[in-house]
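First comes the structure, then the notes that go with it.
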Amino acid sequence: MPKYIIRGGSCLSYIVIKCGGSVLDKLPDTFYKNIVELMEQYHLKPIVVHGGGPVVSNLLQTLDVQTTFVNGMRVTTEEILDVVEMGLSGIVNKKIVREITAQNGRAIGLSGVDNMTLEAEPLASNHKLGYVGQVASVHLTGLNALLDKGIIPVLSPLAVDQQGQRWNINADLAAAAVATTMQASLYMITDVDGVLHQDTLVPKLSAQEAEEMIDSGSIYGGMIPKVQAALNSIEAGVRKVVILNGAKKNSLMDFFIEEKTGTVFESVQRRNKQTVAEEVSN
Ligand SMILES: Nc1ncnc2c1ncn2[C@@H]1O[C@H](COP(=O)(O)OP(=O)(O)O)[C@@H](O)[C@H]1O
Ligand SMILES: CC(=O)N[C@@H](CCC(=O)OP(=O)(O)O)C(=O)O
């Protein structure tokens with residue numbers, strides 16, 4: 001087994017990799033290869049949760065259906081739900097499964113609806129967003145059954161409630177819910193190097209700094225739910241979340257080994273532990 005540093009003194013066996021729609025067409029083969037390597041060489045349990053907003057928007061445009069976003073969330077009617085399901089659980093989900101297969105990995109695609117993996121409730125702040133939900137519970141049976149067999153689950157962010165109603169979940173929120181339930185580290189893969197402030201990468205971001213950047217408009221659009229999901233995950237006990245550029249070759253593995261790029265969110269407790277460890281080693 002290759003040598004690698006486990007930072008913070010613990011081995012997190014689950015890793016949630018959120019793959020954003022913004023970067024889907026720009027992901028190099030190494031991205032999928034790295035996921036397979038994390039499972040086969042580093043004995044981690046990766047779960048891919050994906051978005052695909054641009055694919056859904058293109059489908060809607062082809063169908064001549066208007067679509068609007070409020071703070072990075074798509075206003076979702078029953079008609080739009082059909083297209084979201086078609087685009088995400090169909091086109092995008094199967095593309096990712098094929099790409100992992102091409103790297104000699106084994107992957108099974110499922111939607112949050114399957115086996116009620118993602119149980120939905122209406123979004124807390126859902127004023128006029130329609131069928132936009134949030135995750136009430138993550139049911140892990142299906143995901144664990146696949147991981148135990150060495151199969152990588154690829155999860156699309158649709159969810160279902162107790163009445164059988166589908167809900168459209170922002171993929172960052174879905175990934176954060178899975179990471180929180182599994183107490184996994186969360187890698188949010190997107191098309192920029194991380195959170196930028198005046199075109200400069202912000203390597204670490206606290207909740208207060210993030211709120212200021214959202215209020216000032218320096219964080220906008222799809223980066224808002226991403227940063228909020230990262231902060232909520234940390235608040236709920238996830239030790240590390242990183243926003244990373246997936247378009248760069250090997251970025252996933254490079255971060256895993258060296259932690260040099262991206263914007264990192266960490267719990268205060270973990271930061272303190274690391275500082276103590278570093279002081280001891282000095
Ligand atoms: N402060 C910021 N730093 C970096 N990107 C930002 C920022 N504010 C807004 N963005 C936008 O957020 C986008 C990423 O969000 P989004 O398109 O929803 O990604 P994904 O599909 O990967 O989830 C970036 O491409 C950028 O246009
Ligand atoms: C409620 C909501 O906005 N859902 C998103 C789900 C996909 C998504 O989040 O995709 P990205 O990760 O590519 O942004 C949508 O309909 O586009």
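A Cβ is built for glycine as well, from the same backbone N, Cα and C atoms used for every other residue.
TrEMBL has this to say about the protein:
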DOMAIN    14-245  domain 'Aspartate/glutamate/uridylate kinase'
SITE      K18  site 'Transition state stabilizer'
BINDING   G52, G53, R74, N168  substrate binding site
SITE      K226  site 'Transition state stabilizer'
Counting other CB atoms within 10 Å of each candidate's CB, the least crowded of the recorded positions K18, R74, K226 is R74
Model confidence for the domain 'Aspartate/glutamate/uridylate kinase' (14-245), as mean pLDDT, reads 96
The answer, for which of the binding-site residues G52, G53 has its Cβ ringed by the most other Cβ atoms inside 10 Å, is G52
Integer Å value for the Cα distance linking R74 (substrate binding site) with K226 (site 'Transition state stabilizer') is 14
Residues near N168 (substrate binding site) by Cβ (under 8 Å) yet at least 6 apart in sequence within the same chain, in sequence order, are R74, T76, I80, L81, V84, Y131, V132, G133, P157, L158
K226 (site 'Transition state stabilizer') and G52 (substrate binding site), compared by Cα position, are separated in whole Å by 14
If we take the residues G52, G53, R74, N168 that the record assigns to substrate, their largest CA-CA distance in Å comes out at 12
Residues sitting within 8 A of the centre of the G52, G53, R74, N168 CB atoms (substrate site), not counting those, run G21, G51, V56, S57, V84, G87, L88, P157, N170, A171
